[in-house]
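> Once you've had a glance at the structure underneath, I'll fire off some questions.
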Amino acid sequence: MAYDATKMADWQISEEAEKNMPMPEEWCEKLGLEKEEMLAMGRLSKLDFLKIIKRLEAKPDGKYIEVTAITPTPLGEGKSTTSLGLMEGLGARGKSVGGALRQPSGGPTMNVKGTAAGGGNSLLIPMTEFSLGLTGDINDIMNAHNLGMVAMTARMQHERNYNDEQLQRLTGMRRLDIDPTRVEMGWIIDFCAQALRNIVIGLGGRTDGYTMQSKFGIAVGSELMAILAVATDLADLKERINNITVAFDKSGKPVTCRDLEVGNAMAAFMRNTINPTLMSTAEYQPCLVHAGPFANIAVGQSSIIADRVGLKLWDYHVTESGFAADIGFEKFWNVKCRFSGLKPHVSVLTATIRALKMHGGGPKVVAGKALDDAYTKENLALVEKGVENMVHMIGVIRKSGINPVVCVNRFYTDTDAEVAIVKKAAEAAGARCAESKHWEKGGEGALEFADAVIDACEEGNDFDFLYPLEMKLRDRVDKIAREVYGADGVDWSPEATAKAEMLENDPKYADFATMMVKTHLSLTHDPVKKGVPKGWRLPIRDVLIYSGAKFLCPCAGTISLMPGTGSNPAFRRIDVDPATGKVSGLF
């Protein structure tokens with residue numbers, strides 16, 4: 001049954017839907033799981049992925065469906081809602097369907113954007129658990145990451161306080177001689193805390209640590225989160241963690257978690273994190289939640305492990321990429337699928353009339369502020385101009401060889417004439433297009449959308465990567481900039497050029513993925529520029545090295561690894577009932 005999403009808040013819909021949500025033992029029977037494959041945690045459960053994959057190794061994979069979007073407004077365009085709506089629509093068509101989504105960060109949940117639990121009748125439940133820590137994965141990652149920082153700062157203190165002979169006699173450790181000006185790692189916390197971007201630590205005496213500048217980043221930007229998204233099993237996870245570069249010594253040599261003898265203990269914190277959590281749509285389709293890296297500063301995907309499990313357990317598996325096709329889909333295409341060896345059947349491009357109007361020259365959209373009337377009343381001229389961004393993204397998807405399906409995530413203020421413009425432009429660009437009212441009506445509102453995806457899945461495709469791994473780093477970046485972003489070329493800073501030359505000449509980085517770091521609010525590096533800008537070049541100021549995740553991250557423009565909390569954050573409206581413990585105000 002569909003709830004009245006125009007009168008009920010998301011948390012209220014979740015509360016009602018949870019009354020009939022399958023419990024772990026019911027999911028076990030429904031999904032055909034063995035008892036030992038389900039690790040119950042209250043009314044949620046984790047799945048022992050290795051046991052499931054081994055048991056179902058000979059079973060053919062289901063259809064692999066990715067969901068992306070056009071360049072969004074700061075409000076987001078409903079990719080999670082669309083992903084869940086598609087699961088519900090396919091379920092309403094009688095299909096065996098499930099999906100995989102990322103775990104939300106506490107930062108955006110308590111800030112402006114909200115939980116990423118979907119919305120209306122296309123919602124992930126139970127919403128409170130999803131929004132407030134779930135089964136502890138992000139907490140495990142914070143503990144593991146910060147243990148690495150504890151190991152490094154303690155080592156620096158002891159090496160300062162003891163000479164070589166004392167260090168060997170008292171601790172059995174060799175001197176690492178870490179350069180305090182070349183520490184790559186910082187501390188992490190799962191909030192948007194701009195006051196922690198630049199800090200000084202170790203104030204006090206010789207037993208109070210090592211005095212130096214330091215920093216905090218948001219937890220989901222941690223390399224450990226990126227590793228969780230791409231790891232294949234616990235052994236792979238442990239190896240990658242040990243390879244993380246935490247700093248450089250005074251001779252310029254990398255210092256890793258293995259050098260600090262802390263990598264194995266960090267992996268121990270994540271022994272259960274490796275298993276995905278099973279949740280439910282509001283219409284009771286299964287959905288795995290696993291990993292939660294940001295897309296503009298990391299890989300922006302749910303885990304490879306979750307996709308491998310889902311493709312074995314159901315016939316249609318839906319997964320979401322962060323932000324727009326230029327960022328999230330590009331990383332799904334050239335990084336996630338390259339690492340996993342999985343080939344998708346369809347990519348869904350989520351579009352809203354609101355975002356298209358913004359790209360057509362509409363007034364500025366500001367999170368937390370009321371929308372201008374241009375976005376809530378018919379304006380065909382803005383839509384007509386704005387569809388160029390959608391057409392560009394369709395072209396990006398088609399370069400991969402995947403069949404694109406445009407989903408018009410329809411709001412109740414959109415008009416038929418506006419939607420007709422979008423459909424005409426999408427079909428002219430070679431994509432199927434369907435409108436969907438899943439927010440309002442759940443699966444019944446997504447039938448046209450589900451049918452388009454089913455049809456697209458039955459067609460063959462010629463999926464291939466944008467570039468071979470043999471291509472040099474700077475050539476890869478140039479290809480991404482020109483063919484995905486629409487740039488005229490790339491301008492490298494002297495520092496970035498020197499680092500790129502070093503990386504290109506060192507064979508150990510030859511198989512590292514290229515992970516672009518760029519704003520999600522524009523095809524360019526400048527978040528102000530909307531639509532499909534022409535006559536611009538992409539500046540690369542630095543290249544970050546994630547030696548554990550095996551990413552090389554060229555940075556376009558300035559991106560902070562620690563977002564800030566805005567002036568009207570969501571936490572002001574979140575409350576808990578002392579009598580029942582029920583949480584209200586989440587969205």
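We number each residue from 1, going along the chain as drawn.
Just so you know, glycine gets a Cβ as well, placed from its N, Cα and C.
Computed from a predicted structure; not experimentally measured.
Sequence annotations record features per position, and here Swiss-Prot assigns ATP binding site to T73, P74, L75, G76, E77, G78, K79, S80.
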> Suppose the ATP site is T73, P74, L75, G76, E77, G78, K79, S80. Which further residues of the same chain have a Cβ inside 8 angstroms of that site's Cβ centroid?
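Going along the sequence, the neighbours appear as A69, P72, K113, T352, A355.
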> Could you tally the C-beta atoms, other than its own, that fall within 10 angstroms of the C-beta of E77 (ATP binding site)?
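Step by step: centre on the Cβ of E77 (ATP binding site), count other Cβ atoms within 10 Å, giving 21.
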> Enumerate same-chain residues with a sequence separation of six or more from G76 (ATP binding site) and a Cβ-Cβ distance below 8 A; give 'none' if the list is empty.
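K113 - these are the non-local Cβ neighbours of G76 (ATP binding site), listed in sequence order.
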